[in-house]
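J.: Sending over a structure as structure tokens; questions will come in a sec.
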């Protein structure tokens, strides 16, 4: 027969603080580890030590798009700050870019990383600041960048393609046709969809500057 040394425990009314008699001697049950921790957490000293602990450092808020003052409606997000110089009017700059259309589920219509030279290296897009042959949104974004920087810009139709001769122009014929037939679609423009059709998204990396002499 198994001897139950603590019959009160079976009935669920065992008082851990109350001495129990065993073989004529008074003994005290020790708390289990879980119960000791639970009781300790209720003590005033424990609560004071918890309140004295410093709060966890708050996470920095995610970066937000900001409007460029040099171009109305162009919004920019710096993905990487560059350590180099800032271009001036007349300087020749070389950039890499991913160009996407806000319409057509963000279709990527061009990328300089796909333009390879004879050695297989990607060829940057080169233009002169304020020469007037590049869409205004890209020029405004590059003018406030530093060499080595990476910036994402959202360009509204008023600062994007106004005609089919403005650069950058996709070298692939089918990409070029799809881009311009979407932006300059007369039927959809007449329906008031111009703000959706002509919005561009560019990721621009400023590679180098050749200063104007």
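Yeah, the Cβs are placed from backbone N, Cα and C, and that goes for glycine too.
As annotated by TrEMBL, region 'Disordered' applies to 1-64. The annotation compositional bias 'Basic residues' is assigned in TrEMBL to 26-50. Under the heading domain 'PPIase FKBP-type', TrEMBL lists 90-210.
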J.: How does the model score the domain 'PPIase FKBP-type' (90-210) in terms of mean pLDDT?
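T.: Result for the domain 'PPIase FKBP-type' (90-210): average pLDDT 94.
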J.: Could you put numbers on the helix, strand and coil content of the domain 'PPIase FKBP-type' (90-210), residue by residue per DSSP?
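T.: So the counts come to 38 helix, 39 strand, 44 coil.
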